[in-house]
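Structure record follows, encoded as structure tokens.
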2 protein chains.
Amino acid sequence: SRLHTSLLKIKSQLQIPDEAVPSRPGAVPVLSGPCAQPPFIPPQGTRDHHPAQMTLLGRLLGTVVSCFKRHGAAAIDTPVMELREMLMEKYGDNSKLIYELQDQGGELLALRYDLTVPFARYLAMNKITNIKRYHIAKVYRRDSPAMTRGRYREFYQCDFDIAGQFDPMIPDAECLKIVHEILSELQIGDFLIKVNDRRILNGMFAICGIPESKLVTMCSTLDKLDKMPWEEVRSEMVGEKGLSPEAVDRVGEYVQLHGGMDLIEQLLQDPKLSQNKMAKEGLEDMKLLFEYLTLFGITGKVSFDLSLARGLDYYTGVIYEAVLLQQQNNHGEESVGVGSVAGGGRYDGLVGMFDPKGRKVPCVGVSIGIERIFSILEHRMKASREKVRTTETQVMVATPQKHLLSARLKLISELWDAGIKAEMMYRKDPKLLKQLQYCEDTGIPLVAIIGEEELKDGVVKLRDVATREEVNIPREELAAEIRRRLEP
Amino acid sequence: SRLHTSLLKIKSQLQIPDEAVPSRPGAVPVLSGPCAQPPFIPPQGTRDHHPAQMTLLGRLLGTVVSCFKRHGAAAIDTPVMELREMLMEKYGDNSKLIYELQDQGGELLALRYDLTVPFARYLAMNKITNIKRYHIAKVYRRDSPAMTRGRYREFYQCDFDIAGQFDPMIPDAECLKIVHEILSELQIGDFLIKVNDRRILNGMFAICGIPESKLVTMCSTLDKLDKMPWEEVRSEMVGEKGLSPEAVDRVGEYVQLHGGMDLIEQLLQDPKLSQNKMAKEGLEDMKLLFEYLTLFGITGKVSFDLSLARGLDYYTGVIYEAVLLQQQNNHGEESVGVGSVAGGGRYDGLVGMFDPKGRKVPCVGVSIGIERIFSILEHRMKASREKVRTTETQVMVATPQKHLLSARLKLISELWDAGIKAEMMYRKDPKLLKQLQYCEDTGIPLVAIIGEEELKDGVVKLRDVATREEVNIPREELAAEIRRRLEP
């Protein structure tokens with residue numbers, strides 16, 4: 001019957017559907033003529049979220065928001081589109097990935113590429129010099145999508161930033177604490193937070209003989225080290241970027257270094273690096289950062305890593321990136337990074353770019369890569385075959401005989417008004433079995449059955465779906481009884 | 001001092017700021033040359049949300065989502081952009097208001113205009129024939145903004161829809177119940193839900209002598225009745241639309257009618273209207289709807305109103321719109337509508353437009369006009385000078401002497417790890433008074449003070465900001481004590 005089919009449909013929606021990611025990423029839908037409508041799908045690199053995915057996403061974002069609030073952040077929001085001119089020249093080479101809106105008369109607009117540049121615009125526009133805020137919203141990049149690995153053209157960013165003039169490294173340390181708290185709480189496996197400082201990088205490049213004009217491009221080339229081996233990065237630097245092989249080889253020695261307080265102390269003694277003013281400043285701040293991280297008890301998962309560069313132009317100080325580590329396998333091989341799940345750093349110059357007088361507001365922040373984490377949790381959930389409830393309905397209002405629609409409507413209305421989450425079938429005379437089956441399928445724990453007898457006696461039969469136990473409850477006590485049974 | 005200025009800044013953010021809506025809606029920023037950056041603002045018709053606004057918005061959306069969940073809805077999400085071709089020809093004249101993305105190679109895209117068409121696309125694509133879902137997201141319309149009245153180019157829609165083949169008017173009645181629940185709960189003043197049916201409208205037009213080809217345009221002209229008097233609507237119908245004055249005058253008599261069950265019965269007896277098959281069907285369903293609304297106890301705020309038309313093309317059955325009523329003034333004048341805050345209806349043909357085989361999925365839904373409600377609540381909050389907390393911080397970790405940054409970092413880290421919402425100043429040696437002042441300004445209720453003495457004794461001095469009472473608490477019991485004091 002149609003009803004049965006409907007039930008099967010609902011049932012299937014409770015599992016994370018396999019078609020969650022459209023089967024045709026990459027192709028453009030083919031029109032077979034003006035009459036037959038193509039089976040429209042979302043644009044390339046974007047996707048719908050099904051109810052089970054929304055449940056999972058809700059849990060995930062809940063964890064992130066709780067952490068941001070635990071650290072005293074307030075929420076803000078900015079529009080999805082910005083003036084095109086405002087976004088340009090903030091992202092270096094990546095500007096070509098910005099989605100532009102068509103010129104339909106009026107302003108020239110584009111979709112935001114991240115939440116950081118709009119945040120800086122917001123601070124400058126409102127002359128805010130001191131705020132701790134979080135912002136969770138979607139951003140847009142015309143990148144080549146890799147949807148199975150959680151890389152999309154429309155994706156969530158979860159940002160926490162601290163703006164203001166403060167004593168060094170205290171807010172920076174808090175950002176790392178936040179990454180540590182969120183990744184620990186989500187239980188997505190072992191992770192490592194790599195830390196570096198743009199000042200140390202720039203000093204290192206300088207003493208290796210890289211000309212100042214090449215510093216920015218060096219950072220974005222170095223940033224590829226997590227995707228390709230040093231040999232390839234080296235040849236890009238020598239070949240495309242035209243740097244001397246000797247200078248690049250000197251860089252090559254430094255970028256292999258990673259460690260903790262020991263390495264910081266060692267580099268502070270490095271005869272060449274310690275003579276560079278920028279590098280020295282960066283290293284001293286790095287030492288302070290590690291002192292604070294020691295007090296936070298999180299140095300075990302933090303590595304000072306000279307190969308970390310971060311791609312974006314606007315960073316000016318400490319930078320960091322969290323990667324998930326694959327479990328050590330049986331052969332005892334070392335763990336390998338499987339991708340960045342959080343990143344950020346200090347950007348002290350960005351707000352000044354939007355202020356007519358160039359007034360600077362120092363900022364440091366972190367962005368949680370929710371999409372990759374979501375991919376991991378989604379795969380895990382599919383594998384475990386866990387049945388996700390996508391609704392929170394507490395009770396099904398059911399009738400055992402015909403001609404009782406009025407009774408159901410009246411009772412469910414009383415329950416809604418009492419704040420109880422209740423559903424009923426949208427049928428005049430559904431069979432009791434169908435109504436009970438709906439509860440089993442959708443995970444509704446209780447059924448409130450109202451028949452002719454119950455109506456006469458002023459009671460409702462409350463049935464526990466799991467135990468099948470039934471008890472008559474005076475009608476006026478029903479809402480309280482449901483609450484008593486379900487609310488902890 | 002800089003710190004004091006910062007505190008004033010934070011203080012001012014707690015009030016709903018006056019600059020919430022940029023002062024320059026309409027103008028395009030003027031570039032004063034390549035060096036001086038313009039003070040960038042959000043695009044016309046869009047705005048940032050400040051922390052206090054986000055707090056208010058959070059409460060508002062919380063009420064709406066609770067209601068949707070109370071009625072058993074699951075959440076879905078769709079991308080902000082859709083294939084341009086998919087959106088076209090779904091909105092009649094309003095299609096010109098769609099934001100198109102620039103052709104940067106690849107697919108031609110546009111921003112969604114509402115959540116209903118993407119929902120229909122989602123159902124057809126996934127072959128879903130039965131779902132109750134809600135969707136809260138921003139939509140985009142290149143309309144002339146009227147920001148003070150809550151009309152924006154980027155704005156939230158909060159949609160609840162029931163898709164599936166069911167017995168007549170049961171889901172339709174639930175949608176009206178939802179509007180009633182939400183508007184009652186938000187306490188934004190008296191309201192009226194106007195109800196009509198496209199079938200009744202079409203039947204009425206037919207018996208008045210309006211040709212069938214003019215039915216759609218008649219609905220969108222009639223829809224203007226809430227903004228202009230009948231005389232103007234009449235002359236548009238006769239003039240622009242070229243209809244006979246006699247036919248229009250016959251329509252004019254019907255559209256003045258509004259009432260309840262009495263009016264339905266009266267029209268069912270109407271010799272001409274009852275002979276029209278469409279109108280009769282609509283009227284019989286309207287009668288059923290009012291029976292269900294009576295069981296829900298909400299007919300007091302529902303009016304069957306023959307002038308209600310709704311602008312959109314896709315409605316096929318019952319339609320409704322909720323308006324807020326101004327309070328009756330001292331002179332006893334009748335209440336006047338101040339604008340629509342919710343609307344919706346039945347659209348049984350839309351999903352079929354996206355299915356290659358044209359398979360229909362009947363749908364009915366409602367959209368809550370959150371932006372207008374937000375405007376009202378925001379004005380009310382400003383008027384009441386209520387101080388809104390924008391953060392949830394439970395405790396400030398403070399030190400009374402210098403050289404205790406380490407102690408603060410260690411203690412706050414313990415509190416965070418115990419799930420306590422805690423803040424500290426990002427200063428090495430802040431004055432105690434500054435730290436206490438920060439609590440007063442931001443509404444933090446407790447201060448955990450750790451000085452040399454407390455460190456020695458293994459205790460923390462817990463201070464109640466309101467009463468100034470201080471008690472020493474063993475350090476290991478601090479988190480539990482904070483929870484005990486603040487959590488109900």
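Placement of Cβ uses the backbone N, Cα and C atoms for every residue, glycine included.
Keep in mind that TrEMBL annotations are predicted by a computer and have not been checked by a curator.
In TrEMBL this protein carries:
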BINDING   A:ASP114, A:LEU115, A:THR116, A:ARG141, A:GLN157, A:ASP161, A:ARG310, A:TYR314, A:TYR315  L-histidine binding site
DOMAIN    A:44-400  domain 'Aminoacyl-transfer RNA synthetases class-II family profile'
Q: Could you tally the C-beta atoms, other than its own, that fall within 10 angstroms of the C-beta of A:ARG310 (L-histidine binding site)?
A: 22
**Q.** Secondary structure at A:THR116 (L-histidine binding site), reduced by DSSP to three states
**A.** helix
Q: In whole Å, could you give the widest CA to CA gap in the L-histidine site formed by A:ASP114, A:LEU115, A:THR116, A:ARG141, A:GLN157, A:ASP161, A:ARG310, A:TYR314, A:TYR315?
A: 21
Q. Least buried of the binding-site residues A:THR116, A:GLN157, going by other Cβ atoms within 10 Å?
A. A:GLN157
(Q) With DSSP assignments reduced to helix, strand and coil, which class does A:GLN157 (L-histidine binding site) get? (A) strand
Q: Quick one: of A:ASP114, A:TYR315, which of the binding-site residues has the smallest count of other CB atoms within 10 A?
A: A:ASP114
Q: Can you check how the pLDDT averages out over the domain 'Aminoacyl-transfer RNA synthetases class-II family profile' (A:44-400)?
A: 92
